[in-house]
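Notes for the one structure printed next.
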Amino acid sequence: MGCHNSKVCGQVSKKKKKNKAQEGEKRTKDIKLQDGRGTHSSEEERCCLENQLENYEWQLKILHAVLTASGDQEREQLLKDHPGDICTLVHSITEKVKTEISADLNDLHEQQMRSVSEQHQSETEELQRLHSEEKNVLNESHAAAEEALKDQIEDLTSELKLFNELKRRAEASTLKRDLQRNIETHGSPGEFWEQEQESLLFVIEMKRQNLQDQGNKLLQMEAQVEKNLSLEDQLLQALQQNEDFRVRIENYQSLIQQLSKEQNDMQEVLEKQSLQNQKLIQEKEELLFKLLHRRDSCSTFHLPSVIPTQVSPS
């Protein structure tokens with residue numbers, strides 16, 4: 001702040017010296033053009049100095065009005081509508097400071113937004129990756145369990161069919177042998193009774209076949225019940241996993257809300273910092289005004305000593 005003000009004051013003093021030198025050259029030319037008619041009278045010089053002093057006082061009033069203005073637009077309009085060395089310099093300094101502060105704030109805000117976005121993106125990708133891996137593991141385990149159950153059911157079914165076939169053949173052959181042995185021992189009971197025995201044997205075979213079919217159906221039902229129980233257990237596990245996923249999603253949503261809240265807090269901090277920078281700019285303008293006023297007062301006090309040195313050569 002102090003270094004910048006010293007540069008500004010140096011520029012102001014250089015401009016004043018340059019203006020004084022130009023005025024001295026003008027007066028020298030006027031003296032030469034008068035062709036020995038003498039120097040300007042002290043009255044004319046005093047008028048010139050008074051005009052210059054009035055010009056400076058007018059510019060100081062404009063600067064005072066700029067500092068007491070209620071808004072930035074009003075200040076800029078005052079500086080634009082009243083041209084002058086001091087006003088132009090103050091306007092250029094103010095615009096430069098505003099541009100630098102705005103650029104710094106924009107860069108800081110972009111960096112913070114970029115950092116928050118990258119962090120949020122990385123966390124989201126990590127969560128998606130974990131969810132995909134867990135889903136693949138569950139699908140693979142479910143497929144493996146299903147294949148194992150299918151193989152086990154096929155093995156049990158083939159064994160049951162083989163056992164039933166062997167049992168049916170053994171029973172059929174035993175009944176047939178007993179009937180033939182009874183006929184051979186006691187003789188033929190007659191054609192009628194022989195037909196009755198054949199019919200009874202046929203009915204017994206039908207009943208046995210029905211019992212076998214019902215047994216097979218009962219075994220299938222038992223297998224289906226076991227399968228349903230297994231599927232029910234898998235369903236409960238899937239529901240539990242879904243509940244775990246729901247809890248994780250809620251945690252992720254709360255994390256996202258927390259990140260959003262932190263972003264809003266950072267935005268508020270940036271706004272407060274912007275207001276503080278504007279306040280510092282106003283204080284800087286007030287200090288610049290006081291410094292210029294003090295320098296102009298000092299230059300006004302030394303003006304009478306400058307007049308004789310410029311007139312004496314003639």
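Yeah, the Cβs are placed from backbone N, Cα and C, and that goes for glycine too.
Features as listed in Swiss-Prot:
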COMPBIAS  1-12  compositional bias 'Low complexity'
REGION    1-43  region 'Disordered'
LIPID     Gly2  N-myristoyl glycine
COMPBIAS  20-43  compositional bias 'Basic and acidic residues'
COILED    106-291  coiled coil
REGION    114-133  region 'Disordered'
COMPBIAS  120-133  compositional bias 'Basic and acidic residues'
Within the same chain, where does the region 'Disordered' (114-133) have neighbours whose Cβ lies under 8 angstroms from its own Cβ atoms, ignoring anything closer than 6 residues to its ends? I mean 6 or more beyond.
245, 248, 252, 255-256, 259, 262-263, 266
What DSSP reports for the region 'Disordered' (114-133) is 20 helix, 0 strand, 0 coil
